[in-house]
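Pulled from Swiss-Prot:
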- 178-231: domain 'HAMP' (DOMAIN)
- 239-451: domain 'Histidine kinase' (DOMAIN)
- 242: phosphohistidine (MOD_RES)
- 12-32: transmembrane segment (TRANSMEM)
- 156-176: transmembrane segment (TRANSMEM)
């Protein structure tokens, strides 16, 4: 089905609405106007009939002349005089075109009636005359042809006016619809250009229409988000490929080493297998974290949400880590009252381990980790501080990006792949939390998580 242009549709709608409005308005006006004119015709005929009755009440019939009767008649009228038996006594008219002469039946007289003769309409007013001087009937024949011609002229004028108004409306609608759709057409052309040339093109238009200007702003913002998302996705693929390439090359190198000398040399075989298994573990962890990030990007909260008392969870994690890393000092300053948040317990533990593990990696000299919980303004905060190498201020805004590492060589030696903080931030955001970083190079780094 062929789609119509918005400009054509707008013009058709406005023209149709205008035509229907004028049509209905004209019908209503003509209806009331024709009724008013008809009442005027009836009033005029009744006045003439009343004058005729008064004339015969004041004069003997023998003294009434046609001139007297004509003086009582209005325009386009004829009068006929009947006795009580229905016999016509006289008639006169001021309009020779009125040839219609109705008869009356004394036993069945309608005072006001409309009759037709040769496709002409007449208003008939019949009055009974009772006076000492004459008894009978006066009949006024009032032509309605002038009234009909006037009403027909009104219909014709309304039709001409409607056609002219509709035509003018169509022209105006075409002009305005062209003005309204012009920015949309320009936007469409610009979008096609963007599709051909890429995200670097932006729609730069000012239409003086709030709606279309807002649409352009929204479109440009959407394009910026798409460009950013596309660049992040491309960078993500490049970084993931790089991270996977290194351990795979190491594994391939050691497999070649085993194939060449390891079959006969047990030491080379064992060393190569250990290194290959270590790299396989790194790959497995990397893939698991990538899958977790992908799931989190879909705003997934598949875990069981429960009330978690964070002081107990942190104390439990610190106890386990202290036994595993006895050379580290963990200082926990817990809020004196229980602090409960609604979160998936596994996600909370994972987030906590990521931050503590990150603090331990970058504090290899002092090996002193501080953890503090607070409650302020109904907000629960967790602060994790290490006293290691710190983060340069220019790098702080990027540390939550995937695969981003402040010191790539150091991070790889420590077993990092740049995904941990991204995962932790996703967990925090999924649970309506925020994260703030404060750091000074070679002094400290503090991660503050707020729920």
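Count begins at 1; order follows the chain as displayed.
Just so it is clear, glycine is given a Cβ too, placed from its N, Cα and C backbone atoms.
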Distant-in-sequence neighbours of the transmembrane segment (12-32), which means Cβ under 8 A and at least six residues beyond its ends: 151, 154-155, 158, 161-162, 165-166, 169-170, 173, 177
DSSP-derived helix, strand and coil totals, residue by residue, for the domain 'HAMP' (178-231): 42 helix, 0 strand, 12 coil
Reported mean pLDDT - the domain 'Histidine kinase' (239-451): 81
